[in-house]
Amino acid sequence: MTANFGAIAPERGNSPQLRWINVVFFGVFHALALLSPWFFSWSALGLLVFLHWLFGSIGICLGYHRLLSHKSFQVPKWLEYAIALIGALALQGGPIFWVGGHRQHHAHTEDIDLDPYSAQKGFWWSHILWIFYPRPEFFDYDTYKKYAPDLARQPFYCWLDRYFLLLQIPFALLLYVLGGWPFVFYGVFLRCVLLWHSTWFVNSASHLWGYRTFDADDGARNLWWVSIVTYGEGWHNNHHTYPHMAKSGLFWWEIDVTWWSIQLLQTLGLAKKVVSSPPQGATHG
């Protein structure tokens, strides 16, 4: 990604308004997730663990983030689309929205107006309130697509960005057929809530706590427990220093599960042009 996204930065706008439909949507999912213990089964718990990894590590971390947002490696188009579909099923937004917002975050990290989830506005803002008080320039398609023109010109990504929410319906029906209500509650509601917070911790906790290996221009930090629940994304100081690298864990103790999957794809000949080291002479990204 070499485009100068700062040149199309959104204007510093007015105070955002609370969007109740977002509050109700996330509130209902959290309430239903709390009912999960009444539908417990060991198979449902196993499904939860598997889907948290599949949608979190493969769909979001590997797909939406390292592949689509930063282009740190390449895969065949059919595989790219399949991984993006898995990312859409994570219910964290369509690919154009997610990638566009993340690129805005990197272009204007911690700017209180231009970073969609600036940590300078506090833990809860960067964690979830940025969704409850949405700024049009971050949630309007015609605006955020400017940050992801490579995706916006592809019909598949436009379709996925529009209909990602509806994909949960056939997915939930499939889970019901396979395992009844326990699979629905653990595979949809509880899985969504846990994965949402796992991802949000990268925006909030990893900009507040942890250690800094590199003297980057922002407050991103390396936080071990966030890396556990996000499969390697918690090594955030490393990532903000070298955002186009396919791996975030740079030392042996910085476990990066998503990087293992990329290495497997590379071994199978499916991942090409993998960026596994900083650009020569680079100090930060």
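Including glycine, each Cβ sits where the backbone N, Cα and C put it.
What Swiss-Prot says about this protein:
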type     : residues : note
TRANSMEM : 20-40    : transmembrane segment
TRANSMEM : 44-64    : transmembrane segment
MOTIF    : 65-70    : motif 'Histidine box-1'
TRANSMEM : 81-101   : transmembrane segment
MOTIF    : 102-106  : motif 'Histidine box-2'
TRANSMEM : 169-189  : transmembrane segment
MOTIF    : 239-243  : motif 'Histidine box-3'
Original post:
Across the motif 'Histidine box-3' (239-243), what does the pLDDT come to on average, as a whole number?
Top reply: 94
Subject >> Tally of residues which DSSP labels helix, strand or coil - the motif 'Histidine box-1' (65-70) >> reply: 5 helix, 0 strand, 1 coil
